[in-house]
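Here's the structure, in structure tokens; my notes come after.
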Amino acid sequence: MKSGECFSFKEVNVGKGWWMADVPCPESVCDELAAVLADLFGVGVQVQDNAVRLYLSAEKAASDWKTVLEKVVENFHASLGLPWAGAVNYGFCEDADWNARWKEGFKPLRVGRRLVITPTWESYTPQAHDVVLTLDPGMAFGTGHHETTRLCLEWLEDVMATWSSAPAPSLLDVGTGSGILALAGALLGFRPVMAVDNDADAIEIAQKNQILNPKAASVQFFMGTAENVPGRFAVVVANIQAGPLMAMADVLAQKVEPGGRLGLCGLLEEQVSEVTRRYEALGFGKERHRQAGPWVLVAMRCRA
């Protein structure tokens, strides 16, 4: 949390069931707020349209948790220079309703032409040529529902579909999170596939999701930064934010083979020009960009 404040919690047993809190926020920062709340409260969160829903066990809830939540959200908005109206909507559900409520937002999701992302509890009968990736949405961010994830998946599918030379292209996923891009890449035919994240929990989550997808068993996960991954790659995808993409530009540029492809995502429209110029100065040419909502993926090619 950028405010630097620390909060203490008064543990109190208030009975069974689950508190729900719907926190409105601008769509462009919902993922960031969700990460802050999940890290602080250690609970489940869902990113919805212009809001983040937080679930908190009533048995483990602190007596002052609502006050703490609203202070955290206020500080989060202030740190980004955003207004905060303080309107959090609270609800409660019994234990019997918990699984149904939590899972109701996760159904098999078709992304692009062939990819289908399905949660573990849903049965799905593949159509001809479907590529099915199974994930546990309760384990991490990165389920295919967010625009940036979909943009990256669609781009990877297009790159693979138009790849005309042998062997298959290699792939590096930088900031892998749940592992969704790396695992989908392996299922689409990229070889070899490597992925890296500087969060140990993310690597553990990605490896658990890998177990759910035996056909992606060849994916290698690394803890650290792109510098910790050996070699250069025909395709590199980085679904992070503009700041890290700018800071990591020199390193990312060195991970792309001559003539290779680079997909930069997690950018807002107003950030595209600055990030594009940074990579053009390192020998990349812009091929195209795709947009979904406020988010943009910039596709580039290494000239040298």
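Glycine residues also receive a Cβ, built from the backbone N, Cα and C atoms like all the rest.
Automatic prediction, not curation, is the source of TrEMBL annotations.
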Exercise for the section: From the candidates Asp130, Asp136, Asp197, Asp199, give the one listed by TrEMBL for the same S-adenosyl-L-methionine site as Thr149, Gly175, Asn239. Expected result: Asp197
Handout entry: Which same-chain residues, if any, lie at least 6 apart from Asn239 (S-adenosyl-L-methionine binding site) yet have Cβ under 8 Å of it
Key = Thr148, Thr149, Cys152, Gly175, Gly177, Leu181, Cys265, Gly266
Handout entry: Cβ neighbours within the same chain of Asp197 (S-adenosyl-L-methionine binding site) - under 8 Å, at least six residues apart
Key = Gly175, Thr176, Gly177, Ile203, Ala206, Phe221, Phe222, Met223
Practice task
Give the helix, strand or coil assignment DSSP yields for Thr149 (S-adenosyl-L-methionine binding site).
Solution key: helix
